[in-house]
Every structure is written in C-alpha cells, then in structure tokens.
Ligand SMILES: Cc1cc2nc3c(=O)[nH]c(=O)nc-3n(C[C@H](O)[C@H](O)[C@H](O)COP(=O)(O)O)c2cc1C
C-alpha cells in the first residue's frame, strides 16, 4: 500500500481540524437557511433590474419628503429610512416604482444571530475568529490534498470523473461525494479564509470617501432629478445605498454607494461632484461574503448547505477508512533502513500477512530489528542480513496485486550487502500452477549477486499451519534465532463465521457433474450476487470459496462435484436443513453494474452461478444477454427452468449457449466471435461485459475481445478494463 504524502497531509489536517470543522459545518448548514427564509418574503418587485434612480428617487422624495436613505439589500428588497409626514420615524420596504409601502423590517431572528456568532467567533471574540479562520484555511488545504488523492487514485487528471472502484461504503462515497462537492467546498474554504484575513486586516481594504470640492459646486441650471444623467443611467440593481441631501442647500448632495464605486451628485444640477472606485480588496470581500453565505442566490445557498452536510459525511467516512486501514496495517517498530530482518509479503486477501506478522512479532520479542512490508515496496535495505519472502499466487500463477511491481523494483534496487534469503510460497493444490509466483520470486532472487539462499523454497498448501511451522523451524535453526510460531495460533481464524441452513440441493448421477445448492441466510446477512461464500469443509484452516448467486433471498451456489474434492464433496453430502459455518467475502469488483444499460454476461460451467442471481435480482432497466458454455445439454439442464423463467419475465433479453461436446461443438468464444458487432457496440455505448468461469475461458475470451476492440473500436481491451467495462471473476 503506497501511503503518499498527500494521504498523510489529508489525514493530519482532518485530525487537527475535525472538531471545529464539525461545528462550522453544522452551523453553516443552519445559516444557509437564513437567506432562504428571507428570500420567500414578498418584498421583491417586478422590473427591479430595469428600474433606474431617475424613476424611483423623484417618486420617493415626493411621497416621503423627509427620506434620508434608500438601501437595496442582497434579496433585492428596497428599503427607505427617514420620517413620515407626522415626523415619526419611518423604516419600510417599498415598491421602488410607486413608492407604496410593502412591509416593515422585522427584528433580526435571535436564533440566526446566535448561530452566526457561534459560526464566526465561537462566542470567544477574536480568539474564536482566529480559530474559525484557521479552520477555513485547513479546510482549504484538506480540499487540495483530497483533490490530489483523487487524482492519484484515478491515475490521472483526465480520468478524474471515471468510474470509482468500490472497496467499501465509506471509501466509495468519500470519493464519489468528494468529487461532486469539491468545487463548493473549495469556495467555502477559500472565501472563509479570505474573510478572516480581511477581518484581521491582513488583507487591507481602506475606506474610501468622496472628496467634494465645495467651491466648484454650482447652483444652476436647475434640473429635475428625473432628468439627471447619472440617475437615468444607474439602475437599482447597481445600488447599495443612496443617501439623500440633508437640506436643499447646493452644498448638500446625493451620495450613491454603488456596487463598485461611490458617487456624489449635485442635488440641483445633477452634476457628478466626485466619483471614487472601491479598492479591489473591498470588492473581493463583498464577493467572498456573497459566496460564503449564499445571500444573493437561493440555489447557491442550498448548494452550500448540501456541501456543508457533505463535510460532516467526509469527517465520518474519512475516520472510518482510517480506522479500517490502521486495523489491517502492519505495525513496524523499526524502519526499513535500520532493520536486520526484512519480511516481504505478497498477499491478495490478507491471510499471508497473518503468517508474516507472527514471525515479525517473534523476531521483535527476541530483540531483533525486523521490518514487514509488501513486495511492491521493495527497496534498498542497508542493514539487512536476512530477507524472508512470503508470497501467495493468484490467477494463472500470477502475483497478487501488492506484488505486481516487485520484479521491476528488484532490478532497480541493488542491495549493498550480502543478504541471506528464504522464500515461502502460499498457494493451493486446487490450482494447476501451485505457488508459481513464489517459485518465480525464488528464481529472481537466485540471480541477484548479493543474495545467498539460506533454505530451499518452502510451500504452504491451503494456509497449512503445520507446513508453515516446518519452514519456521528450519529457518530459525539456520538463522540462529528463536522462533516459536505455534500452529494453533496460526490456525485460529480471525473473522466471525455465519451459520447458513441448506434449503435445497439438486443431485448428480456421477462425479464431474454440477449441482445447485441453496442456503437460507438470516435477515441481517448482507450479500449480493458476485460475492463469495467461504466454507470450511474440514473445520480447520482450509477454506474453499464459491461465487454467490442471490436468488430470492437465498444464497445459491453452483458446484462441480470433484472426485474426492474437499469442498464439493462436503457440500454434496449436506441435506436440507443441514447447518454449516461460513463466511461471506465481499467481492465488490464483480457486482452487477447498476448504471449500465446493457450487460453481456459470459460464463462457462459453474461460472454461471453469480449471473443466475444477478438476472434474478434484475429490474427491467438493463438489457442483459447471457453467453454460456457447457459440455452438453444435460449439463445445462439444472439451470434451464430458471433461465426460461427469466426469459419469459424479460429479465434476460437473450440466451446463447455453446455446447462443447455436442452438436456444433462450440465454445462461448465462438458465439462471441459470431456476434462481434454487437459486442463492440456494447462496449462503445458504455455497456459492460462480465466474465465468470475458468481462467482458460477468460484468457480465450479476453484475447478475442482484444481483437474485436482493436479492429472495430481502435482501442485495446485494457482501455475498457480500466474503465470498469470488463469485469472478471475467473478461477
Ligand atoms: C481466485 C484464486 C486464485 C488462486 N490461484 C492460485 C494459483 O494459481 N496457484 C496457487 O498455488 N494458489 C492459488 N490460490 C490460492 C491462494 O494463493 C492461497 O489461498 C493463499 O494462501 C492466499 O493468500 P492471501 O490470503 O494472502 O492472498 C488462489 C486463490 C484464489 C481465491
């Protein structure tokens, strides 16, 4: 696992700010409702944007001779202040065209005032303002580091909005919502930071005031305000306030505070007496206030509320991800550079780490400096004298994901000192290429000048604690260290098991045929088609995995009965109402692509199992086509009635079967080659192809798909694989 500087920064920033960020987000959500609650008031009038001062001011002066000020607020409500005909104080919202009073300003909501104070200063004045400003700045940095993490994760800026691989709920939605709310959160953070800097005078915005040359003030020609050029030009939407002349003396003038400048106007001639632009900093402060509060636009206010809600979700999901990661992480006491014993692990599902950690613990307890890491993290180990490689094998003898870069890294980094090495392969005799990757690693080490083999390669079948114990004893002896890794402690399973009851099972007439077995899950069991069911046939460390089809609410497996096969034999001997202990392994990368409108499902043999469930679970939105391969019609017969029903219900659009031992003797590959135009169209129109079955079928089909893609779409199949349009679960 590559823990980047961005992830550390993202986490460190989140940890240092999450309490204040939570408070600012909650109060931010509440405050977003303030502009919304104001905007529904009925004080906005039609033609507001077109109404000029020339239309409004004469009307108002006539109706309210004692008017002193007109203000236009962010809701575009026009308010006047002054006194009425009886000399009483007047403050009201008016219709700027008729001067009619529309209502009176209500006192400010105490609740919103209280929340605003909390949001701005935590009720601790300047200290609070500083802390809130700092939080906004940290949020800005979190947003930047989060963006970098998404770019890294998606492998490039151009792929920023492509499909996200789903590991778990928290991780998936952290990234999905992160991408969606990135811009609003960035704006909230940037505007909040700016406002704080302005508040503390770090960004200065000097006050401007108009300098009027009183000697130059003229008292003629006398004009009607309706004819003043400036009044005819300026509309209400450009106005913040208009201060009316205090008396009728020519020395008293109109002061227009516009959005971008302040202008004073001779009340008799309409001449402009002074005009001064606001400093850029002041304009930016206004803009940032608009952006931060949503006061000018109801839709933006709603976006701000949703984005603030998302910040709360990010705090939760970010910590959930961190705790999960830390729970799985290797806890190293010594660094790679200072350790004498280096343990390199290649693991897909994590069990090999259990073995590695057991050895690591023992070495540390024996006072040795030891370091565990993934094979991909191979580097120079200056103090190393012993290296242990524990590597699982996947696919057709392939490395696990965390070891794919190992060979290149090994070439790149030469060790400065001789190092004794020992390789332990983890695999299963159930696969043709038993521990193949470990053998490759052993060969690669043997070619290194600095590498001295300390033991022959050892293999561990099916995570056997005994076999591992044998290696541990031999290695400890030649390395001259104490190593007491007990088979019992290694055999203990960490994950909780779940009991399932057999509902029904079909029968076979001979080994080599397949049967269907269905289990009843309890209501709280969370699974879907494509997940895996782990069973423990001998109630020991040996685990067998089967692809799940969710049919109705049951877990349905399709199993080929192998002569003497540990898992298949065990399952076949179960009867209705038998109860077994199992574990459901999430397999998110092979779930049905909910958004795809067209899906081609390809299987051979028992690989049809997850598709039976996916088709059964389907609504009618997606166009599903099934291409499946069997030996003969008899092998297909156990699935026939379910598939016929799916065809009748239109859950399945079409079925294409290849029989390899009957009729035309075809394989699924041949059917796909026949329908290559349709296959290419599906990929081009963002459809998805899913493969489940044997690895040889996978290799054949992928080679064909690659040819089709290159010939018809001008791209390699890897392009569609990396865009989540080709999903595979073969074994
Ligand atoms: C889908 C799948 C493919 C596998 N392929 C092979 C294989 O080709 N050769 C092999 O020896 N073991 C194979 N195995 C067995 C694993 O290597 C073995 O269970 C190992 O202990 C798993 O270690 P991990 O949990 O650390 O990933 C495979 C297991 C699975 C689930």
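Cβ coordinates come from backbone N, Cα and C, glycine included.
Because TrEMBL annotations are produced automatically, they should be read as predictions rather than curated entries.
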Note to self: According to TrEMBL, transmembrane segment applies to one of these ranges: 64-85, 86-107, 108-129, 130-151. Which one is it?
What the structure shows: 130-151
Next item on the list: Write down the single range among 298-323, 324-349, 350-375 that appears in TrEMBL as transmembrane segment.
Entry: 298-323
Check: What range among 172-197, 198-223 does TrEMBL describe as transmembrane segment?
Finding: 172-197
Next item on the list: On the DSSP side of things, how many residues of the domain 'Flavodoxin-like' (341-480) fall into helix, strand and coil, could you say?
Entry: 54 helix, 36 strand, 50 coil
Checklist line | pLDDT averaged over every residue in the domain 'Flavodoxin-like' (341-480) | finding: 91
Next item on the list: Determine which residues of the chain contact the transmembrane segment (130-151) at the Cβ level, with the cut-off under 8 Å and only residues 6 or more beyond its ends counted.
Entry: 4, 6-7, 9-10, 13-14, 16-17, 20-21, 24, 119-122, 124, 157, 160, 175, 178-179, 182, 185-186, 188-190, 192-193, 195-197, 199-200, 311, 314
